[in-house]
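The domain 'Major facilitator superfamily (MFS) profile' annotation in TrEMBL covers 20-404. The transmembrane segment annotation in TrEMBL covers 20-38, 58-77, 84-105, 111-132, 144-162, 174-194, 222-243, 258-275, 282-301, 307-328, 349-369, 375-398.
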Amino acid sequence: MSIRTPSPGFPAGSPQYRRILGTLGLGGLANFAVIYFVQPLLPQFARSFGVAEGATGAALSATTLAMMVGLLLAGPLADALGRIWVMSGSLVLSGLFTLGCALAPNWEIFLVLRALSGLALAGLPAIALAYLREQVDNAAHPAANAFYIAGTAMGGALGRLLPQPLSELGGWQVSAWVLGVFSVLIGVVVMVALPADAPSKQRLPVHEVLFGTFTVLRHAQIVLICVLGGLIMAVFVGAYNAIALRLEAEPFNLGNEAALVYLAYPVGILAPAIFRRIGARLDRPATVVAGLLLMGVAVAVTSPDLVATAMFGLGLLTFAFMGTHSMLSGWVVDRAHRLRLSTARASSAYLVLYYAGSTVSGTLSTHLWSSFGWISVMLWSAALVLAGLVCAGAVAVLQRRDPA
């Protein structure tokens, strides 16, 4: 079902193009920092709330599970209300809920607030790529998409690196205060700075709002690209969640210094632009396969009980993940655009499975680590990479049959 008619969009280098990229880059940074700031704090949550280490992964999984629900609504709501309102509201509301997390008196209320934050957080990532696809011209779209993904990578880096030093000032709550305020402020910037878009004139019935996202899943290539997004996210989040606990245990015994391993994360900021150049020479399936293989190698590198190999492996994993994600996220909206489907719904469908992977693996990996050690996390990651290679091969076959 097509909701919007594709338009030429702003060319690269124009003032509108630069403003769109700068604003969405900040939005992606704030959004992903709020999602992931809990990851390096999992050991602190165990001590602060008196919960088992294996249960702390729920701090992230509660958010990503709620995001999956929000993503189902975000695309249809953006078609009805306009992209700007949904993206701005996403940042403001998630920021307010994050501020509430700092005041949570117990683990249960903290998780409820993280879930509410996730419901709101869904708005920006679901819509940003679709907004870019409609606002910039065809030639500029790959670079614009890579820039936005780099912004989200910076947000992920900020969310993982900032909490530890902030917690030294006044506990983990300081991170919630700082990032909550930042998210609210960027939400206001999004409303003021982005070129306005008109909502669809078509009134959507309730069933379209609730289930309209799934209409794009009638196309096999879109389904497989979405599944690939979920698989790479499962590898990425599973490894990051479990390694925070691994580095605090024997033989590392790093304590709070375990968060220093996240210094490997900023390497991922470079990946979208590099993968875009590789993708321009190869086709997308081949580039995705290369990214998957690199992710598998990266997890294997973390096997020795050495801080250096853990950091190098995570850096390599982050680079491969961010590059592969940038290819897949741009691919799914481009495919929807060519089929004259709603790009917002295609982006939402991709992210639903993307965060499904995070939700399942984020919790499972911490339990695997607690019960069976790091080898079980590595085997889980290897199985996910293998499944991803099968999906990528299937997409390649389908693309050769239907290259439109």
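Note: Cβ is positioned from N, Cα and C throughout, glycine not excepted.
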Interface-richest range of 58-77, 111-132, 144-162, 349-369 toward the transmembrane segment (20-38), CB pairs under 8 Å: 144-162
Segment-segment contact (the transmembrane segment (111-132); the transmembrane segment (222-243)) at 3 or more Cβ pairs under 8 Å: no
Top partner of the transmembrane segment (84-105) among 58-77, 174-194, 222-243, 349-369, 375-398 - counted as Cβ pairs under 8 Å: 174-194
Overall pLDDT of the domain 'Major facilitator superfamily (MFS) profile' (20-404), taken as the mean: 87
Close approaches to the transmembrane segment (58-77) from elsewhere in its chain (Cβ under 8 angstroms; 6 or more beyond its ends): 35-36, 38-39, 41-42, 45, 86, 90, 110-112, 114-123, 126-127, 130, 204, 208-213, 237, 241, 342, 344-349, 351-352, 355-356, 358-360, 362-363
Leading contact stretch, 144-162, 307-328, 349-369, 375-398 vs the transmembrane segment (222-243) - CB distance under 8 Å: 349-369
Close approaches to the transmembrane segment (307-328) from elsewhere in its chain (Cβ under 8 angstroms; 6 or more beyond its ends): 145-146, 149-150, 153, 225, 228-229, 232-233, 235-236, 239-240, 243, 246-247, 252, 254, 261-265, 267-272, 274-276, 278-279, 284, 287-288, 291-292, 294-295, 297-301, 350, 354
